[in-house]
Amino acid sequence: MYCSPRMASLSLCIVSLILLLGKVESRFLVTINSSELVSDGVDHRVENQSPFLRLNGMFSASSTCQHYYGFIPCADNIGGYIFQIVVLQYLLVVGDKYLTMGSKRLFNIFGTGIFGATVFRILMVLPGIMLVLVSGLFSSKESAQSMVMSGVGTLAGTSVFCLTFQWGICVFFGSKDFPGISTSQDSRSSISKCLLAEEKLLTGSGITTDKKTSYTAGIMLLSLIPFIILQLSHIFEKSLGSRVVILIALIVSVSLLLSYFMYQIFDPWMQERSLEYTKYENLLAGFLQHVQRHAQGMLVTEEGEPNIHAIRRLFAEVDKDVDNHISLPELEALIQEIESGKMQVDKEYAIAEVMKAFDVDKNEVITEQEFIEGCQKWIDEAKHLAENGDSDSRKCLYQVVQPWIDKRRQELTKIERLMARILKHFQNQVLKDEGLLTDDGRPNLDRIKSLFEQFDSDKNKVISQSELKELIQSVKFGKVNLDPDEVSEKVMKDFDEDGDHMISEAEFVNGISKWVKKATRVTSCNDSKRCIDEFEKITWREVDSLVYEVEGNIKGMTEKLSWALIHSVFQVILGIAIVTFLAKPLIFNIQSLSQAVGIPTIFISFVIIPLAMNSRMVVSAIFPASQKSLKTASLTFSEIYGRVVMNNISCLSTLLAVVYIKGLTWDYSIEMLVVLVVCAIIGLLAFFSSTYPFWTSILAYSLYPLSLLVYILYYVWRWN
């Protein structure tokens, strides 16, 4: 049983029991001396009362039973409705699981581009869209009106759930002490230690994110524009005026959706963050599966603890030269074995991440103790990720094709192209948080010097021709075979200032700085990774276009026929089919249950459906956030904001389209207001601040029950 159906079933049972308290019968108890009591006017009914207590309507049948598609079972009482909702919701979660897994695999295969900017984003929120589209567009006007109410509740519930419950949990698990926070006992001698600890917890710890996370929160704020427009609809009393407002909101919402897609196509940094969000999880799965396969024993004991002896045996196997260290070549060999296995990972990314996670003292080698501690850390995280069930490893589909342009080798060895690829190789060698550029856009001299020490293998303070050749051989020049001797001679000529056929540290720093500055000037970008990537694309664009023009059809056909691609497409199709065919029966049973127990449909669609559909997202987001690092926290919260953006504008566009086409009325200002308030509070906080103190998690938690309270005041007590 998956985690999310359990949570959905438990929540549904609790809510149902509360709702059913008003649908019971009582029995008048007759005492022996009842003749001595004063009649209250109901004692004459004693003879006709049932000997059993029962729920009103629980076992009474109705004539509303309808078999969807001719084979899906139906119900005609409260118990049947609850059972149907639990089963259909579970199947819907399974369909969403297949859809998510297949979409992520396709995203990993195709990478950033049109698919990542459009199709992948839509697939991530497709279940919510289908709940509205299938149920409302293909129904009568009366049925569509009630089903749109369920769709509005699901839209509002999903956005509120992500920005309250999920957001607060990520802050809770990811909080760490802010640097420079200290409490003076002398100045606060009158405050108890308990209050000091509480103050430190609430304001002295929290989450820190990067600037791009704030930008994503700003985009989320822009997605609220259609909601603001819709709030104007209740001002117009005439239906024509209200219909005009709906049309305007629909046009604005669709325009925002298309603009969001186009923005990601032309500036794919959001796609790159989404892709990087899954890379860490893929690396974790592939690495630990390889460790498990070669550790000659169970990696995790029955008690759930890491098997230290098995990890040590694996370290000894990887340490080929028996120097009690895992060097970069040995780590590359280990990653190569992972790539050749069932679970494949991106080699450059894997090496950088493993070194960052395992190499604690940053000396470019991994000791046995560092290897054990790193494995322990990843095993602990993997145990939690495994519970989610979505941690699929990325399977590489790249195939090496023998180049056909050797005759143009002289043209390809222009120093600009060579240095572009070499700079990219250097950029991959450094840690994620230490690029070749500083924050102010200047060359990172300290990092460049550390690269010189790394390539100076004999430690004689100069890089010889042989050492330079060894460096060139480790650089990937794409699908073009180049002569290492010829390339190293060109680089030596460019770097060697005094003509001694040696590159000193000063010459190396000057040479790299010169090319880093040129890359910055050509691309007009100060971001290290993006600058070098763009410079490499610009200089190699002509060559790569020639390669892919001839080989593109063959490679594309090979990838399309691969099992990984077919399997991913099948998962997406199966997920879409399940979500599409089960959406309408689920909405019908929710409506029937709400009518039977006498509560608005929107309560169930606001609480139960978002909880079941998003509980997996909560599990998958908690543990990257719990790594307590800037990178994982930024990626986690960016994914939350991106999901809310797509939910707001795509689902709202679908709802407004159904309302406008069907000529339905729009009377959901309270739902729009709840979404506006919650998104505005969290969005403004995230946009203007890159740190989320611990107290913000309490704020986020409180917004969820407050949202429910607003619904109760409006629908139950008729408060306006």
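In case you wondered, yes, glycine gets a Cβ from its N, Cα and C as well.
TrEMBL annotations: computationally assigned, not manually curated.
Feature annotations, reproduced from TrEMBL:
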- 1-26: signal peptide (SIGNAL)
- 78-94: transmembrane segment (TRANSMEM)
- 106-134: transmembrane segment (TRANSMEM)
- 154-174: transmembrane segment (TRANSMEM)
- 215-236: transmembrane segment (TRANSMEM)
- 242-263: transmembrane segment (TRANSMEM)
- 306-341: domain 'EF-hand' (DOMAIN)
- 351-381: domain 'EF-hand' (DOMAIN)
- 443-478: domain 'EF-hand' (DOMAIN)
- 483-518: domain 'EF-hand' (DOMAIN)
- 561-582: transmembrane segment (TRANSMEM)
- 602-623: transmembrane segment (TRANSMEM)
- 644-662: transmembrane segment (TRANSMEM)
- 668-687: transmembrane segment (TRANSMEM)
- 694-717: transmembrane segment (TRANSMEM)
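For the domain 'EF-hand' (351-381), the DSSP counts in helix, strand and coil order read 22 helix, 2 strand, 7 coil.
Proximity of the transmembrane segment (644-662) to the transmembrane segment (242-263) is established through 3 or more Cβ-Cβ distances under 8 Å for residue pairs spaced 6 or more apart. Sequence-distant contacts of the transmembrane segment (154-174) (same chain, at least 6 residues past either end, Cβ-Cβ under 8 Å): 128, 131-132, 206-207, 605-607, 609-611, 613-614, 617-618, 621-623, 625-628, 632-633, 636-637, 640, 643-644, 647-648, 651-652, 655, 671-672, 674-675, 678-679, 682, 692, 694, 696-701, 703-704, 707. The DSSP breakdown of the domain 'EF-hand' (483-518) into helical (H, G, I), extended (E, B) and coil residues amounts to 26 helix, 2 strand, 8 coil.
In this chain, the transmembrane segment (668-687) lies out of contact with the transmembrane segment (242-263); the count of Cβ pairs under 8 Å, excluding pairs fewer than 6 apart in sequence, is fewer than 3.
The helix, strand and coil residue counts that DSSP assigns across the domain 'EF-hand' (306-341) are 24 helix, 3 strand, 9 coil.
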